[in-house]
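Student: Here it is, the structure, as structure tokens.
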Amino acid sequence: MKVGIDKIGFYAPNTYIDLIDLAKERGVDPNKFLIGIGQERQTVVPLSQDVVSMAANAATSIFSESDRDTIDMILFGTETGVDNSKSAAIYLQQLLGLRKNVRTVELKQACYGATAGVLLARDYVTVHPDRKVLVIGSDIARYGLKTAGEVTQGGGAVAMIISAEPSILVLEAETSHISEDIMDFWRPINRREALVDGKYSTNVYLDFFQTAFESYKKQTDRELSDFDAMTFHLPFTKMGLKGLRTVLNQVDENKQKQLMTEFENSRVYNKQIGNLYTGSLYLSLLSLLSETKLDAGSRIGLFSYGSGAEGEFYSGILQEAYKRQLNPEQMAHWLDNRTRLTISEYETIFNQSLPADNGDFETDINKDDGVFVFAGIKDKKRIYRKK
Ligand code: HMG
């Protein structure tokens, strides 16, 4: 039986900064950000959105009534959780109007959480082929103003429905997984900004990618030449390029060109949005699906990395209907028509703290283009609203 990604949807707030503006303000050569880091714009998340409302907005963009009846489980990958106890998935169950016998769980392992969700969902659907699982990757990437990590911030959510006989990508059985206790990036409880050993984190990422990919090759007897595209977790898009470059010498020049072309397709959206942590690999997959001309039957590689650290390489086969629910024109229109903030406006938003109890953010909500918003805190409880 074939199981995999049946639908994929995305949401990010409509406010961004241009990284040339940021470079000028920080006294950096813009090419460092555009070429050296591989980012052009960065989403700025207002107070009226959090990981729950962003996930609800992403999920609602792909939902049909039949999904509502057949979804058994929400697996919510995030490292920007809104509560130390209650899962973000349970808010989502209510916002999306799902049945009460749906399992709702939050998964955390840095940027790897959504991949854990996809692979656990695959196993569940394999046992229950008439059921579906909603998998979320939703995060806000924050390092701090004037830090080296600032250019690699961003935010947004990806929602996927995992089912039998999927329309987009059938997941292959073999995966190669690696985990090790490493302090390359972490965020102690109560800190809003991550702590990071930046250069070290990029080295661990590359090391995990090479180890996982070589082990996948051994397990499967497949080679890089068996792939039509390779996608990566993209904390910044140059990171995936660095990963790809470590293995490109394994194939001939024609294959190298193909993999490079598809890599460019897979980073169009990420360059404009920034890091989504858990959602980044899947935003990159969405970018590839939208931009590529690959045929059904093509094999796609996926490398997921979560600091701390956990990595997994797995693969999937493109399905005939993979273009059917995509709308690249609408996405391009949305990307071009977002609100560009000045660096000073972005800094003000960045420094805003959560409102005191019983506070709301009507001003932010009025400007917000999401269907769902985080409307404030009342009696220490988060309030979400459908606009
Ligand atoms: P940095 O020190 O500002 O940058 O930090 P740099 O000096 O290393 O320069 C970056 C690149 O720009 C270099 O290229 C320079 O040569 C180039 P590279 O050697 O890397 O190929 N450069 C230029 N290129 C063109 N024109 C110029 C120019 N000047 C310089 N004029 C760093 C960069 C990524 C370390 C920093 O932004 C950071 O700490 N970011 C956050 C950490 C991060 O994203 N790590 C990625 C791996 S870990 C991961 O993926 C997990 C994560 O998503 C979290 C999770 O799992 O939850 C982060």
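Cβ from N, Cα, C; glycine included.
These came from TrEMBL, pasted as-is:
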- E79: active site, proton donor/acceptor (ACT_SITE)
- C111: active site, acyl-thioester intermediate (ACT_SITE)
- H233: active site, proton donor/acceptor (ACT_SITE)
- D29, Y143, K242, N275: (3S)-3-hydroxy-3-methylglutaryl-CoA binding site (BINDING)
- 2-164: domain 'Hydroxymethylglutaryl-coenzyme A synthase N-terminal' (DOMAIN)
- 176-259: domain 'Hydroxymethylglutaryl-coenzyme A synthase C-terminal' (DOMAIN)
- 264-352: domain 'Hydroxymethylglutaryl-coenzyme A synthase C-terminal' (DOMAIN)
Student: Of the active-site residues E79, C111, H233, which one has its Cα closest to the Cα of D29 ((3S)-3-hydroxy-3-methylglutaryl-CoA binding site)?
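Tutor: Going through E79, C111, H233 one by one, the closest to D29 ((3S)-3-hydroxy-3-methylglutaryl-CoA binding site) is H233.
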Student: Let me know the DSSP-derived helix, strand or coil state of Y143 ((3S)-3-hydroxy-3-methylglutaryl-CoA binding site), please.
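Tutor: In three-state terms, Y143 ((3S)-3-hydroxy-3-methylglutaryl-CoA binding site) counts as coil.
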Student: Tell me, in order along the sequence, which recorded positions from E79, Y143, H233, K242 have their CA within 10 Å of C111 (active site, acyl-thioester intermediate).
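Tutor: Candidates kept after distance check: E79, H233.
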Student: In the structure shown, which of the recorded positions H233, K242 has the fewest other Cβ atoms within 10 Å?
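Tutor: Per-residue Cβ counts within 10 Å for the recorded positions H233, K242 bottom out at K242.
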Student: Can you see whether DSSP assigns D29 ((3S)-3-hydroxy-3-methylglutaryl-CoA binding site) to helix, strand or coil?
Tutor: coil
Student: Can you give me the average pLDDT across the domain 'Hydroxymethylglutaryl-coenzyme A synthase N-terminal' (2-164), rounded to a whole number?
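Tutor: The average pLDDT of the model in the domain 'Hydroxymethylglutaryl-coenzyme A synthase N-terminal' (2-164) works out to 97.
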Student: Give me the non-local Cβ neighbours of Y143 ((3S)-3-hydroxy-3-methylglutaryl-CoA binding site): same chain, 6+ apart in sequence, Cβ-Cβ under 8 Å, ordered along the sequence.
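Tutor: Set apart from Y143 ((3S)-3-hydroxy-3-methylglutaryl-CoA binding site) by at least 6 residues yet with Cβ under 8 Å, we have G149, E150, T152, Q153, E193, A194, V196.
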Student: Given the recorded positions H233, K242, N275, state which is nearest to E79 (active site, proton donor/acceptor) when distance is taken between Cα atoms.
Tutor: N275
Student: Roughly how many angstrom lie between the C-alpha atoms of N275 ((3S)-3-hydroxy-3-methylglutaryl-CoA binding site) and H233 (active site, proton donor/acceptor)?
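Tutor: Answer for this pair: 9 Å between alpha carbons.
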Student: I need the CA-to-CA distance for K242 ((3S)-3-hydroxy-3-methylglutaryl-CoA binding site) versus H233 (active site, proton donor/acceptor), whole Å please.
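Tutor: On Cα coordinates alone, these residues lie 12 Å apart.
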Student: Using DSSP with the three-state reduction, classify the residue listed as 'active site, acyl-thioester intermediate' as helix, strand or coil.
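Tutor: SS state of the residue listed as 'active site, acyl-thioester intermediate' = strand.
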